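Right, one structure below, let's go through it.
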């Protein structure tokens, strides 16, 4: 599919009277290609209570996703909530304001006026009696039929029950990448129906694999939500190889509140798989001054985006890590970063930390890269510390030298000044002594 910008639809609750004092606002982003698309609320100012679901590939080859934010119901009439969508591949930016709508149930619905009853009060005419054969008493006239009564008007058509704004919505989620890549785990495709009303709570699911109906799905008990609606989930267990081979899974949902069944289809992203490249990076020298340090795992060049990244040390899982979502690179592949935070003492003790990556394009679907404080890194850190110490000592020496130099210059200048002054004074005194007193000599001659 060629690059296509998304269509954005705001989703609002029925009314301000929601249970629990909170309300859910939604934003549906549909029909875009390729991934990724970013969704924020109020230009990123609103982050609490935001949940953005993973993108889903539709049968049309385009992606769609949704984002939900939970806000206080008291703020719906006073604050503005805007869904900001940014699709960089198509250079599309869309801002949609989510406004509270008045649901159908809050308005007055008038039944159509019943038709006037047809009048059937006049009986049909009595059939004509036969002519008498004699002058005797004629035979009685046949009894006329009873007139049909149409006085009772037909019942007024029943008014439709109020519907929840928008009706039930259906979302289809793929199995977790780790579940599809490990034989010991069970991959599942999940079909979620939300906004199911109390008036029509029954939901029917039908599942199809490559167009063939299957019957091994399990429907979980419905769960009541904070907005007084139900959430119903159906889970279909799939075979590892069926999913990896690109089989298509369809969930068909029926409910009385829907004008027609809703169908959602999902399958593994199509395209040639590309093997990820894995690189591990030690903590930076600047970070070694802190109590905790970060170990980084860069995974790049993989396709499709279904991937799982975990950390472990000495065979035991490490849980204090964060992994970014896969991001689209310029060559059409994906990349991500995973950061593990550990105590600096554990790193300096030489513990080995491993970044484990699972992807369908890898040999045995698995690879691992280890990282530890090697002797080379220890020597480098020691040399860096020694170099820092030498530089500190050198600066101290240079500072002392400059200070002494300036003092010596000042001392030399002062001594020279006094020497010149003394010599000048001596010359003046000597000159006065040598010059003869001609006045005395003239006086003596006279």
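For all residues, glycine too, the Cβ spot is worked out from N, Cα and C.
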Between the ranges 377-397, 398-418, Swiss-Prot assigns transmembrane segment to 398-418
From 152, 324, pick the one Swiss-Prot annotates as O-linked glycosylation site?
152
C-alpha spacing of residue 227 (N-linked glycosylation site) relative to residue 83 (disulfide bond), in angstrom
20
Taking Cα atoms as reference points, which of the disulfide-bonded residues 27, 191, 355 is nearest to residue 322 (N-linked glycosylation site)?
355
Between the recorded positions 27, 191, 227, 251, which lies closest to residue 355 (disulfide bond), Cα to Cα?
191
Residue 191 (disulfide bond) to residue 297 (disulfide bond), Cα to Cα, whole Å, comes out at 33
